[in-house]
């Protein structure tokens, strides 16, 4: 009986990380990102914002004005955008279409993309409103 209780506890504990990862993953256009890719980009953006520096010779992260009016989980700005990549963390060069958005306090607000947007605007990636 104790063995079954222990087995149930172990099964629940090992299932929890997968559920957390699924919440942080996103899809921007047809490109999917894992939770760890989103977190890595958000952490890099946070480090740059806190140190007042940018990635490589780029302007990222830079302030995002939210002209589109995203809700971003009810978080308050200022917001900062930083490129989201499938291969490693952005360190300069072409930023691609996808971005993570963080607050000045380094809270992860959401993910947005130029893919499917008009002009230079943005649309939400999955999980962002």
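The backbone N, Cα and C atoms fix where each Cβ goes, and this holds for glycine too.
Taken from Swiss-Prot, the feature active site applies to 62. Residues annotated as active site, proton acceptor in Swiss-Prot, with similarity to another entry given as evidence: 81. If you look up Swiss-Prot, you'll see 114 marked as active site, proton donor, on the strength of similarity to another entry. For 28-125, 46-106, the entry in Swiss-Prot reads disulfide bond. Positions annotated as signal peptide by Swiss-Prot: 1-15.
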Practice problem: List the residues of the same chain that sit at least 6 positions away from residue 28 (disulfide bond) in sequence and have their Cβ under 8 Å from its Cβ, in sequence order, or write 'none'. | Solution: 84, 97, 98, 111, 112, 113, 115, 125, 126
Exercise. Other Cβ atoms within 10 Å is the metric here; tell me which of the disulfide-bonded residues 46, 106, 125 scores highest.
Key: 125
Practice problem: For residue 81 (active site, proton acceptor), identify the closest of the recorded positions 46, 62, 106, 114, judging by Cα separation. | Solution: 62
Exercise. Between the Cα atoms of residue 114 (active site, proton donor) and the residue listed as 'active site', find the distance and write it as a whole number of Å.
Key: 16
Quiz item: Highest CB neighbour count within 10 A among the active-site residues 62, 114?
Solution: 114
Quiz prompt | Distance [Cα-Cα, Å, rounded] between residue 62 (active site) and residue 106 (disulfide bond) | solution = 13
